[in-house]
Amino acid sequence: MEIPHTVTPRPDTGLYNAKLAIWLFLASEVMLFGGLFSAYAFLRMGADDGYWPHGLLDVPVGTLNTILLIISSVCVVLAWASLKMRRWKQYQAFLGAAVVLGTVFLVIKLSYEWNDKFHHFGTFIKKDKWAEYDKYLGNDYLAKKGLAPRPEITGHLHEVEVEVAPENKAQLDALIQKRGLEISKSEEGGKTLSIKVKAPSDAEALRNEPGVKIEAFEMALDEIYTDPTNPKYDRPGFWKRHLSEQVATIHADDLDSWSAFVPKHSSFLAIYYAITGLHGLHILGGLVMFIYFLFFDRALYLRNPEHMANRIEVVGLYWHFVDLVWIFVFPVFYLL
Amino acid sequence: MATAATTHSPDHGHGHDDHHDLGFWQKYVFSQDHKVIGIQYGITGLAFLFLGFCLMMLMRWQLAHPGLPVPSFLGPMLQKVFPAIFANDQNGHPGMLTADGYNILGAMHGTIMVFFGVVPVAVAAFGNYVMPLQVGAPDMAFPKLNMASYWTFFVSCVIMLSSFFVAGGPAKSGWTSYPPLSVISDSGPNVHPFFNGQTIWLLGMVFNITGSLLGSINTIATCIQLRAPGMTWMRLPFFCWTQLVTAFLLLLAFPPLEAAGFMQLMDRAFGTSFFIPTGLMVGGHLTHWSGGGSPLLWQHLFWFLAHPEVYVLILPAIGIVGEVIANNTRKPLYGYKAMVGAIFVLGFLSFVVWAHHMYMTGMGAKVSSFFQTTTVMISIPSVILVTALLLSLWGGAIRFTVPMLFATTFLPMFGIGGLTGIPLAFNSTDLYLHDTYYVIGHFHYVVAPGTIFALFAGVYYWYPKACGRMMNDTLGKLHFWFSIVFINGIFFPMFIQGIAGVHRRWYDGGVSYEQIIKPVLHWNNFMSASAFLLGATQLIFIFNFFYSIFRGRKVPNDNPWDATTLEWDTPTPPGHGNFTKPITVYRGPYEYSVPGADKDFTPQSEPPKSDKPAAAPTPALAH
């Protein structure tokens, strides 16, 4: 016996099998992302005042990505409609456009947004040291205005000052050689070194090096920290903040923690990477299916075009869902 | 998988339209036939049940004889294979369970029993084999997806088992994997950053959950879309209803745990702080995590799955019991409609009771009161189900076949498990009983003599359909009577110990707290002896299971139990595509002993006699 209702709808439910299944799958996806978004709410509610960053992400780029996804969703609907009208060429054009738009979304996400963060650097100042760094943080000013404090100084890491035990000197030199770093200053017979780093990952390598103690960081500040009492920084703005020329020295002993803007940096970045990462995987999965239907499923179209149209309808429902998740991600991470 | 092959006799010569001959691999291993997949799930699940039971026997040895090596050749052998779990005792004899090893066995016993044993058998095996037959479908709605879900599950099994052989041993933070303990465990200089117990546990769970999700989509789609003509909702056998609701629970409750699993993986692999609070100290040192996370977040996400999971364990069992009771009392189920309603209410309420596992976390009196109220409410549909099954026995001409023995025993055992849960539902009494052996006794009564007995009933009941031979009756009765005695010998003393205050995580069985619990300490010996005897009893079942494949009594016809539901309309064993003729359903699922009928059962597919009008839409109630 053949399995019924693979293509034609069952009269009493009005659905063919795959359409029911994709709605069920999307229900479980709602719960999957629901779990992650509830984690977001939980972490944000539990964060200390000022420790949940605002305006960290690039809103114009996020807006662009939102528009790309919405247009791609429209393209998928048009591709489905083209199949319903049995216009294969038109179908290929629309689905091809969706593939291109989805790919551009992913490229922006990974090579621009994520990559930029991997090279950005942040240091959380201990609460009892805030006064010493107030010219960067402006917490006195913020307290007077009743605004949340800034516990963190961010920017681009230039140099790391380290103290090395004599017996570990050779090993450190080997590491510097291996990573192609440059020593800008050497004092006390090589006991205290200033090392020019290329990326924050070099600082991580130094942290893990035995016998090496990081003393201080020299970093170019994000513009907000050069003029922290300027009222234009009281609220997050639309345009991305630029990096300034001003360099500050921050002592490692004054810090709770420091790292690049990688997942472990803060709860915000952890959940940001978790949700956008999982969303990116869904985009990737959708693209793989699109490419299969675009180039490898013509035989089915010739044999049973209605079945082919159903497939695009089902994958389209999935794509709209992934789009919808982004419609939640965008305000929750970029705007709120 | 060789065993799966042997339980499935050749299916030629039944006239089904299996056009192309499949090779051995496609027929028995990478099969898309729901029945083969069901048997694969069944064999894998039963093997894991036995493995989980063996882990428990090692724990019970330690509890009864703290610090004594496992006897005879077993101790040295186990220590050689699992150096992370066993060590030399103080006299230098090998094979003593270490404290870490005890935690490992506890964690893996829970994980294996729930996620790799009971759910695969109750949901995946019976759901796959029986449900499509009962609704009159030729197969599951998506055969390839079905195969994919089994093999995803299989990969998760391999991953989980591989953790026994990595440095540091498998996960040791309980089957609940509460952080921060689970995040900091299996880390440090001596273990691999990735191939360590806890990380592998998380990875295994992610695969297990994925397989489960695929399977549940398939189950729901099959049950809704592939019902045979005439199979209206109120003619659906009760077992199919339980599978449908169970699949919804799996579909909606598992994803948050999958999300939580990803997050814990990130905490372990990338150093994030989803579940790590600010300023966590371990061994006097500040940890490297940035902090800002919440251990309670994990507990919420975990129990949001794990409480519905309890009903995932119990609903298919009730479904099996319903089928067996209706068949063996030769009368319809009492209150079929009320039972269907009850499982829907149960399914819905199971999503809003999870935090009753968290009364001790200090989440606040208001939250606790809410969950206390919903937890008490959920006992109402449970009582409806048990009462309806009990009343189904009333006035029946009961045939005490082996499946019926297990099914009737389910009722009082599940009753004990349910009633002992009520003190745990209330905040005030739970504060005292929390984490004692009372809790262990409570949920084991639900799952072991409850669910697992129902699974045995199901195996004995549907075995003739799958194999064409009956399981041996005498061996079955021996298996039943020894099992019922010994299983109560294990679990009943747990209530006594628990009320006296014995904590569930004491590695020495409470010897170091002897002054407090002396009056109940001696039960440890009794319980452990019962456990070993129960283990020995299961050998009867294993022997019977394989012996009957070859030597069992051949079934006299396709319907050896004189049953009414559609699975007995198929050839024995059913071929690929199941039914040899188009199936139409004319009546409700349990038309037993209908007055005026010429025999005491009327199959669902039997057309009404021409001079009578068609049966009423809900004939199950027409008595």
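The backbone N, Cα and C atoms fix where each Cβ goes, glycine too.
Annotated features in TrEMBL:
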- B:19-587: domain 'Cytochrome oxidase subunit I profile' (DOMAIN)
- B:594-623: region 'Disordered' (REGION)
- B:36-59: transmembrane segment (TRANSMEM)
- B:104-127: transmembrane segment (TRANSMEM)
- B:148-167: transmembrane segment (TRANSMEM)
- B:200-224: transmembrane segment (TRANSMEM)
- B:236-257: transmembrane segment (TRANSMEM)
- B:301-326: transmembrane segment (TRANSMEM)
- B:338-356: transmembrane segment (TRANSMEM)
- B:376-397: transmembrane segment (TRANSMEM)
- B:404-426: transmembrane segment (TRANSMEM)
- B:438-463: transmembrane segment (TRANSMEM)
- B:475-496: transmembrane segment (TRANSMEM)
- B:526-547: transmembrane segment (TRANSMEM)
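The transmembrane segment (B:200-224) is not in contact with the transmembrane segment (B:438-463), judged by fewer than 3 CB-CB distances under 8 Å for residue pairs 6 or more apart in sequence. Confidence over the domain 'Cytochrome oxidase subunit I profile' (B:19-587), given as mean pLDDT on the 0 to 100 scale, stands at 95. Counting C-beta pairs under 8 angstroms (sequence separation of 6 or more), the transmembrane segment (B:438-463) fails to reach the transmembrane segment (B:236-257), with fewer than 3 such pairs. Of the candidate ranges B:148-167, B:338-356, B:376-397, B:526-547, B:526-547 has the most C-beta pairs within less than 8 angstroms of the transmembrane segment (B:475-496). Beyond its flanks by at least six residues, the transmembrane segment (B:526-547) meets 3, 50, 53-54, 56-57, 60-61, 63-65, 456, 459, 463, 471-472, 475-476, 478-479, 482-483, 486-490, 493-494 of its own chain at Cβ-Cβ distances under 8 Å.
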